[in-house]
Amino acid sequence: MYKTGILNSDISKLLSDLGHTDEIMIADCGLPIPNGVKKIDLALDFGKPSFLDVFHIVKSHMAIEKMTLASEMKTENESLYNVLKEEEIKFTTESHELLKQHSKHVKAIIRTGEAKPYANVILASDVLF
């Protein structure tokens, strides 16, 4: 058993296997998961665990080059948008429909219990050297 770090074995393995520019997604409980994409389901109840709880834990263990958000987040979930834009990570936005199409190409989607709209982010892995 790990003394520190991510205890969820699926997430730990996912992060260990990432190469430069590989992408993962952290999603709210309503995002449709595309066929063929690995789903790591953490959702226990509405809001539990929250998007931000999962995001901050993953961020502390992953080298992130950039993140992609739904452009609708800026107006439909402004509080989350404001938190994410303050992170020291480059980010781009695309429509929610494009983000759902983009999700077909990620290595895995980590499903949270978040029940607020547009609480989804695609994280592209960076390289440490």
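The first residue you see is number 1, and the count goes up from there.
Using the three backbone atoms N, Cα and C, a Cβ is placed for every residue, glycine included.
Going by Swiss-Prot, these are the annotated features:
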type	residues	note
ACT_SITE	His20	active site, proton donor
BINDING	Asp28, His96, Tyr118, Ala119, Asn120	substrate binding site
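The separation of His20 (active site, proton donor) from Asn120 (substrate binding site), Cα to Cα, is 21 Å. Those residues noted as binding substrate (Asp28, His96, Tyr118, Ala119, Asn120) have their most widely separated CA atoms at a distance of 13 Å. Sequence-ordered, the extra residues of this chain that approach the substrate site, with Cβ no more than 8 Å from the Cβ center of Asp28, His96, Tyr118, Ala119, Asn120, are Ala27, Gly30, Leu31, Ala70, Glu72, Met73, Asn77, Leu99, Glu114, Lys116, Pro117. Of the listed recorded positions His20, His96, the Cβ environment within 10 Å is emptiest of other Cβ atoms at His20.
Distance from the CA of His20 (active site, proton donor) to the CA of Tyr118 (substrate binding site) is 26 Å. Of all the Cβ atoms in the protein chains shown, 22 others lie within 10 Å of the Cβ of Asp28 (substrate binding site). Between the CA atoms of the residue listed as 'active site, proton donor' and Ala119 (substrate binding site) there is a gap of 24 Å. A coil conformation is recorded for the residue listed as 'active site, proton donor' in the three-state DSSP classification, outside any helix or strand.
Spatially close to Ala119 (substrate binding site) yet at least six residues away along the chain are Ala27, Asp28, Phe51, Met73, Asn77, Leu80, Thr112, judged by Cβ distances under 8 angstroms. Around the Cβ of Asn120 (substrate binding site), the number of neighbouring Cβ atoms within 10 Å comes to 26.
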